[in-house]
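A.B. asks: One structure coming up, written as structure tokens, with questions to follow.
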Amino acid sequence: MDQLRRGPWEDSPVLRGLVAESLWPAAAAAAAWRLSPRLFRNIADVPLVTVGQTNKDNREWLGPVLVALLGAQTAVHLLVLRARLSGAASQEALAAAAALLGWAAATASAGRQLLAYLRSVRHRHYGLFGPGLAAFVVASLCGCLVQAYFAFFVPSQWKTPIVGAGVSRETILLHARLALGAAATCVLLVVRKLPESVSATALLEIPGEVERLLSHNEHEHYTAAHEQRQLSPCGKARQLSPEVGDSILRNMLFCWAGDRIALSRQKKGQLQLGDLFEPPSRYLLHSSWGRFCRRSRRTGNLAVQVALMLLPEILGQLVLNPLCVAFDYAQPYLMQRLLRFITTYKEDTSVGLRYGFFLAFCMLATSLGATFVQQQQDWSARTLLMHMRNIFAAMLTRKIMRKRARGTSSSRSGSSSSNTTTTATASKDGGADGVSEGRVYSVLTTDIRRTSNMIKVVRAAILVPCQQLVGAWYMYRLLGAAGVLGMFMLMLVMLLTRRLILQAKRVVTTIGILNDRRVDAVNEVVQGIASVKLFGLGSRFVRAIGDRRAEQLAMLWRQARIRSLISMFTVGSLPFVSFATFAIYGLQHRLDAETIFTAIAVFKVIQRSMDTLPGLVANTTAFYVSFRRIEAYMGQPEVQPLESRVDMSASRSALGFSGATLVWDPATHPPAAATASRDGAPFALSDLSVRFPEGQLTLIGGPTGSGKSSLLAALVGEMELVRGKVLVPTAATADCGREADADGGGGVVLRDIAYVPQEPWLRNATVRDNILFGEPFDIERYEEVLRMCALWPDLNMLPASDFTEIGERGITLSGGQRQRVALARAVYSPHKILLIDDCLSAVDARTGKHILHQCLLSTSAIMAGRTRVLVTHHMAACLPHCDYVVSVQGGRIVFKGARAEALSAPEKTGLGNLDVLADAGDGTNASTSSDCTSTNVGSVCSVTPASQYEGSATPASEAACAHGKLVQAEACREGVVNVEAWRLYFAPSGGWWFVASCIGCVLAMQSLVMYKDYYLAGKLGRDAGSSGGGGGGGGAAHYWQQTPTATMMWNLAVYLGLGILSAAASSLVLLWICAGSLRASRDLHSRLLESIIEAKLRFFDVTPIGRIMARFTNDIQAVDDDIMDSMNNAMRSLVSLATTLVVISSMVPLFVPAGLVVLALYAKFAWQFMAAQHDGKRLEGAAFAPVISLFSEMIPGSGSIRAFGMEAAFMAEMSKRYAVYFSADFARRSVSRWVRIRIGIVSSLVSFATALFILANISSISSGLAGFFLIYAIGFWAESTGAVLKYTDLEISLNSVERIQQYIEIEHEAPAAMPADATLPAGWPRRGTLEVSGLVAGYTPDVPVLRGLTFSARHGEKIGVVGRTGAGKSSLSLALLRLIEPAAGRIVLDGVDIAGVGLERLRQSVTIVPQVPVLFNGTIRFNLDPFGDHPDALLLDALRRTLLLRDGAAASEGSVAAFGSLDDMVAGGGQSLSLGQCQLVALARALVRRSRLVIMDEATASVDFATDASMQQTIRRADLGGSTLLCIAHRLRTVIDYDRILVLDGGRVAEFGPPARLLQTSGGLFRRLCEDSGELSALGRLCGVGRAVK
């Protein structure tokens, strides 16, 4: 027997005892105390509450047990000291005395801690024993194990008895120390830190937490009233995750995650979000953001800031990853020792099997240790990921609320001189500059999710170099220079793949850009789906987006090819390196089983490291690209800080400007340009000097595009100040994200301002929640506000009154209703300054008069002392009642003064062209005739019954809320993924034959991998010198030493060939799977897009945009990447697991029962895991949708949020929603750890059982076969864990297919094309004659809006459609285009019933100018003619006729001209234009299309009267002169000279005839409407009846 060299530890028992028994435990205790001095403290310092006393608190009895065990251990050490003092080992007494002192101190410390617990309020006492004590006990146990090893398991002690006769007293005392130490360790592992019934308070109720989301310091900078502003009520407290109070052992085993699995099983897969545990607060967004604000630097790049914040977690990875490497190489080391022992035993059986069984137990211990350390390392990495995602989510929220909503990349057109020319960063597709709304969705869903790759990057950056270095050292010790050469060759291969890695990085960057373009396009289509349907452009947008998708898929295929090449280089390099290493080593040394299989085991560890390189390259590039995209988005321009634009020395109540010049985009408007020529210059508000009188009503007037809305936007901070100062009230606050003074002081926020923009912004909530906007509910104030804003009649029509949800951006309300809800929000707020932008344009005359007199001019307590600044075109009605007038033209104030001055000097005001003087008399008379005197403007006009606008608010009830629910909870399918989802994905991939071919290829590849190792084992196992088939003699060990070199080289060459074939097969399998996956991805995206575009409009009313976009971002990304990777990995792991079990069982039949038990346990764990993961993934998706919805609210409403000072409230709301999402994500990830550690334990038992079977059959198993078995037994844990997890990942990824399937199966409109389309004459309709008979239609089948409507329109006839709000005017326009389908009756256009015409043919043949125009991000050419159907000359003519083209006379200051060429850019949603200009663009579209039937729905409501009159002239002449026109209007002067007027009331035709006749009909509805407008005389003159109407 070859004796091992004796080391210093074996020869120095005194030194060994001193270190193992005293110094090492003391050092461990000191380190634990130093690293976590406050880990265990009274729970009064922790924001938790408990629910009474419980009996489930094992501390009460385990505490005394531990103290007793420690006392017994002290007594045993006293006996050891006495024995050593009295015996021959007196020199070792020093170590015994030191150990005795340590145990005595530990016992005293444990007793003191137990006494403190017993004296406290036990259910509020966190923990029991400190970390120092636990570290001392565990370290002492490890020291005893070291002593036991040297006492029994070194070669010189193999025959020393352990038990039975002949055992020494020292051995007995050592057994006692081991038993007591193990018992004490078990007690420390199972003792709880808290009782089980602990729940969490609502996190945002913790004082100061709301402010910490935005503030560096922890002082409260907001008033008590501000802190009460919550957008949604805090939910009831959920049970805190048991992780907080669980024992160390249960936390190590993640048993608390098992509680969630049990709950899922108990509820049969019907878990709700309320069932999830509340994660510990240290993981939540407010905690992560607070850490980031405290630790990050004020300046520097984002990567440095994030790294500083995550430094503790990164340091943890630096500790745990090398420990993982140590465990990785411990298994090959122990296998080498076991193979050497087998060889030794075959030579001399007298040595016994003690050492062999000791090595088997060591393999079990190291495998278990690797399992525990690996899972703790993964959990630590997940903690890092949690914090990173929290930080980015908070930063994105903060950025949205600070980012300039307008003026980035294109100037906001406010006047004729507006310049919308694209900048260098804009692209023809839009969104390439990073400012589009689709980019936000990509950052939130894709980029932030991809930052999870950081944990893989950090781990690989630490793990891979450690594995390579340790592997190189091990190979050098094992094979000498040949091993070093092999490692050098591996490094060379890694360098050769550098070019592929760089190419992969470029491809990933391109994929990100293409994905942004696709998401931008989809987002714009979804946002403007009404316009897409109205103009019949659905199929063409499908093709356009499909082209972008095809470009993205082409780059994904290129990425797959690069990954396969990297895989070929990295995986294929290992067999080549092994061949070269063994060949060189075999020339001078003996190749035996110990050397070969130890080297193979080490190479497999290195191979696992190399196998990660392709994925690591993809993960690193994806992380890098996504991080840079996030960083780029965070670097987008923000609104100008108020400190630099506000005159802080002015009065706190001052409102106005002092010599101010403001622009939308400072990049396109340097300060010098403020005084430049206006022709072609970017729009600016120039030289503004005005103070709005406090507590009075100010009117701001001017022509369309003059800058009226921009002036209000400038007051709330949306425009950039070039020079001068803005006068607005502000309040001081600290702010984390804004540059501040060195002492941490901060900035200012707007105070006491309520803003009503021209395009009203509403939340996806109930009417009541939109009005309250975070303010406390005061029923008297609330009811009065509803009356003042004329909302009671509208609420009475809603299904659940003010508890009715109104959808995203108020989609279920009319334009007038949206405007009044926004107005009510401002009036209800306690703010003293109201900035109101054109709230009268979208309502009828009667409602507008009520708002003017009962709201804006009210002297009630609600409006008393409030400063009101009103932008309006209705100067005739408002001027007699205002206090101050401001006139704006071309971005300059041309007049400012009192009302009397404005009326007496119209030539100075610039308002003469607005017909103010002509209508002033009518306006005044209207006031008088309505019994509304100027001395009592709060009185109710006699023509409007007061009771109509009154009502009472009902308290919130569950039934009312349910009845008004518009957006239902997202449906979550239960159980495993259904067969239809599998078929939906695999059918376009190639069907089941594709799956079968993939499995066959993977099976062939894995067979090659396994056979090459078995081939080598068989050659080593061949006994050249004996006839025994088993090869138990020494011939097996020396086979290749006795065989000619040519034979050895041949065998190694076969081994190399098999390895290269397996690598090639691996790469081809990857490509084959990618090809099928991309085919499925193309098909799913196409079907999803077609389904969404063909969906009924009601679907978009009840479905938040965030949910739809989640399908096109998260779910499509999962289809693109995750399913492919999961399927590839799952098949490889499953096949590898099955082949390993089959091979080991076939060679060792006794292993079959153990294998069956293992499979049963795997099946049990896998089933529980998959069920829980399915629930978790679906709940995660359901919880993420509200987060996306909140972002979709904040993006268009950022200006209003800032104006109201609601940044903190929205940050708090996002934190609450993200906490719910995080709970689902936290639960899913913890369940993953739960199954991993259990599979790891079972797999450790497999390798242990394999070693035992080998030792039990040591005489019949050769060293070669033993090495072969041990190699695969050691790797069994990785394969089994991968098999379960990757298959589960595949099912979870297919959940995205299920979610896509849900939206593919939604209800759709009628077909876009029908057979009858082919029979229609070319150019249909040629005349535009229209017949409507008995039309009954509505938005829901049982509630008709149009009730038996019958009328007709002749060729070329101009018909005005009028009626009060809710009469059915807009519904008629939708019915004519079949956006709502008739339940009865028919619509005949040019003799053809439109019910038989395809939707696209119908909608392309009829033109509508909608009430709310939708413009797309792109050039004006694209907006007028998206697909290039018309010549440029026609487009320019349309712009010229609508006064939008800036040429010649149209370029004069004060005009609405906005474009210099067809290539000028329009921002998404028309943000670069005023609302009036957007309506003119929509009218220009109608001129371009030249349809014979044109429908105009309030098409000029937001333009001034002069522009409106000009547009009516344009409509009457040119190419629309011969078209049939239906014009819906609240402005009666718009349609008063039309051929006929259709008056609707309650969905029926009330009157129909020429306007002159209707106007002279006494008591007629049309005449009453004219009387209510206050323009009866003027309207009479316009229709030619003169004084006959008086």
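Here the Cβ of each residue, glycine as well, is placed from N, Cα and C on the backbone.
So TrEMBL lists the following for this protein:
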type: COMPBIAS; residues: 407-429; note: compositional bias 'Low complexity'
type: DOMAIN; residues: 323-622; note: domain 'ABC transmembrane type-1'
type: DOMAIN; residues: 668-915; note: domain 'ABC transporter'
type: DOMAIN; residues: 1039-1276; note: domain 'ABC transmembrane type-1'
type: DOMAIN; residues: 1330-1571; note: domain 'ABC transporter'
type: REGION; residues: 404-432; note: region 'Disordered'
type: TRANSMEM; residues: 61-81; note: transmembrane segment
type: TRANSMEM; residues: 93-115; note: transmembrane segment
type: TRANSMEM; residues: 127-152; note: transmembrane segment
type: TRANSMEM; residues: 172-191; note: transmembrane segment
type: TRANSMEM; residues: 355-373; note: transmembrane segment
type: TRANSMEM; residues: 482-501; note: transmembrane segment
type: TRANSMEM; residues: 565-587; note: transmembrane segment
type: TRANSMEM; residues: 991-1011; note: transmembrane segment
type: TRANSMEM; residues: 1052-1078; note: transmembrane segment
type: TRANSMEM; residues: 1134-1163; note: transmembrane segment
type: TRANSMEM; residues: 1237-1255; note: transmembrane segment
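Locate each feature and note its surroundings.
C.D. replies: Predicted-model confidence for the domain 'ABC transporter' (1330-1571) is 82, expressed as mean pLDDT.
For the transmembrane segment (61-81), the list of distant contacts is 93, 96-97, 99-100, 103-104, 106-107, 110-111, 114, 117-118, 128-129, 137, 170, 173, 176-177, 180-181, 183-184, 187-188, 190-191: same-chain residues at least six beyond its ends, Cβ to Cβ under 8 Å.
Among residues of the same chain six or more beyond the transmembrane segment (93-115), those with a C-beta under 8 A of the stretch's C-beta atoms are 14, 17-18, 21-23, 25-26, 29, 63-64, 66-67, 70-71, 73-74, 77-78, 80-81, 84-85, 128-130, 132-133, 136-137, 140.
Remote same-chain residues near the transmembrane segment (355-373) are listed as 153, 155, 158, 252, 320, 323-324, 327-328, 330-331, 334-335, 337-338, 341-342, 345, 1236-1237, 1240-1241, 1243-1245, 1247-1248, 1251-1252, 1255, 1258, 1274, 1277 (criterion: CB distance under 8 Å, separation of at least six residues from the stretch ends).
Within the chain, the transmembrane segment (482-501) has long-range Cβ neighbours (under 8 A, six or more residues past its boundaries) at 468, 471-472, 474-476, 562, 565-566, 569-570, 573-574, 576-578, 580-582, 584-585, 599, 603, 606, 610, 613, 617, 621.
Same-chain neighbours of the transmembrane segment (991-1011): 1058-1059, 1061-1062, 1065-1066, 1068-1069, 1072-1073, 1076, 1127, 1131-1132, 1135-1136, 1139-1140, 1143, 1272, counting only residues six or more beyond its ends whose CB sits under 8 Å from a CB of the stretch.
Away from its own ends, the transmembrane segment (1052-1078) comes close to residues 553, 556-557, 560-561, 563-565, 567-568, 571-572, 574-576, 578-579, 582-583, 586, 986, 989-990, 994, 997-998, 1001-1002, 1004-1005, 1008-1009, 1011-1012, 1015-1016, 1119-1120, 1123-1124, 1127-1128 of its chain (Cβ-Cβ under 8 Å, at least six residues beyond either end).
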A.B. asks: Between the transmembrane segment (172-191) and the stretches 127-152, 565-587, 1134-1163, work out which stretch tops the count of Cβ pairs under 8 Å.
C.D. replies: 127-152
A.B. asks: So what's near the transmembrane segment (127-152) in sequence-distant terms, Cβ-Cβ under 8 Å and 6+ beyond its ends?
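C.D. replies: Apart from its flanks, the transmembrane segment (127-152) reaches 9-10, 13, 16-17, 19-21, 24-33, 35-36, 39-41, 59, 62-63, 66, 70, 99, 102-103, 106, 109-110, 113-114, 117, 160, 162, 171, 174, 177-178, 181-182, 184-185, 188, 191-193, 248, 354.
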A.B. asks: Give me the stretch from 323-622, 668-915, 1330-1571 with the greatest number of Cβ pairs under 8 Å to the domain 'ABC transmembrane type-1' (1039-1276).
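C.D. replies: So the stretch in question is 323-622.
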